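This report refers to the structure that appears directly beneath it.
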Amino acid sequence: MAQIFNFSSGPAMLPAEVLKQAQQELRDWNGLGTSVMEVSHRGKEFIQVAEEAEKDFRDLLNVPSNYKVLFCHGGGRGQFAAVPLNILGDKTTADYVDAGYWAASAIKEAKKYCTPNVFDAKVTVDGLRAVKPMREWQLSDNAAYMHYCPNETIDGIAIDETPDFGKDVVVAADFSSTILSRPIDVSRYGVIYAGAQKNIGPAGLTIVIVREDLLGKANIACPSILDYSIFNDNGSMFNTPPTFAWYLSGLVFKWLKANGGVAEMDKINQQKAELLYGVIDNSDFYRNDVAKANRSRMNVPFQLADSALDKLFLEESFAAGLHALKGHRVVGGMRASIYNAMPLEGVKALTDFMVEFERRHG
């Protein structure tokens, strides 16, 4: 079978080594004669999987001991509701920074539970889309927390600054598309959440990192399935968890540790992004409209100078083994998602194709 590189924004490409191990263990896991999908989540075998996954995840991000790691359901959209329901306490407002599609989606959901103080951080710099630096973000005095999205998959916008708003500001962040791709200082956040389907594992699992002093404040109307304290008290097994996604995510964590951890991923991700943006910037045939300071290293949207060639580009790239390059309907054009599992070889194959496509059609 020819080599396929999957540039999907999520569910995204998984490491080949992880898929191979899962394939080998699919019907006989741990010598039990059954699949990991068939064993009890409360049995000692799966409990070991869960405990190792949490330990490895903590190691990868250096999660401080006063933070809890929860393995939840509901994806990022579930957390759009869970954050206000768990963190508001007796306050009625929260600060939300709008820098793109997913931040706006979080704001829309939050309006069901509080009065968001929305700061629009989107700006245009020299005709390119950008985000105001954190020092210019206007926060309110009475907010329960401040929420933002460090990486906008659709817009191709990243906010790589580390929050520094003082110890009294609880920062909540949607890291779904950038978790584990670069080192972060977890202690600067109150809540970090991430859907698994981009840099962690299969869809269906959501990881929440929450500072323990924020537990026990859930709104009385908060559904139990979204209550951080309930999940913490039950070892993330309040109900039957997505066991296969948990198991496979655990394999990804071990793969990351075996390949240099988050620091090494950071270096490789920088190389991949520089290679792809380099081809775009050195061409009049392709363009990206995000200011360099805010370009995402995970999701690279780009347009062809002649949109009439879009269909042909997608057909020929697919035939070349470069899949899922169609841009989101909101932005159009193309989008290459190059998460941790995408090897440098895959980005090189894409850029080689782009150069050749331009030679033939430019």
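Note that Cβ sites are derived from N, Cα and C of the backbone, with glycine treated the same way.
The record from Swiss-Prot ties Gly76, Arg77, Trp102, Asp174, Gln197, Asn239, Thr240 to pyridoxal 5'-phosphate, and of the options Thr115, Thr124, Thr153 it ties Thr153 to that site too. A straight line from the CA of Thr153 (pyridoxal 5'-phosphate binding site) to the CA of Ser9 (L-glutamate binding site) spans 7 Å. Trp102 (pyridoxal 5'-phosphate binding site) falls within a helical segment according to DSSP. Ranking the recorded positions Ser9, Arg42, Lys198 by the distance of their Cα atoms from the Cα of Thr240 (pyridoxal 5'-phosphate binding site) places Arg42 first. Taking all protein chains in view, 16 other C-beta atoms sit within 10 angstroms of the C-beta of Arg77 (pyridoxal 5'-phosphate binding site).
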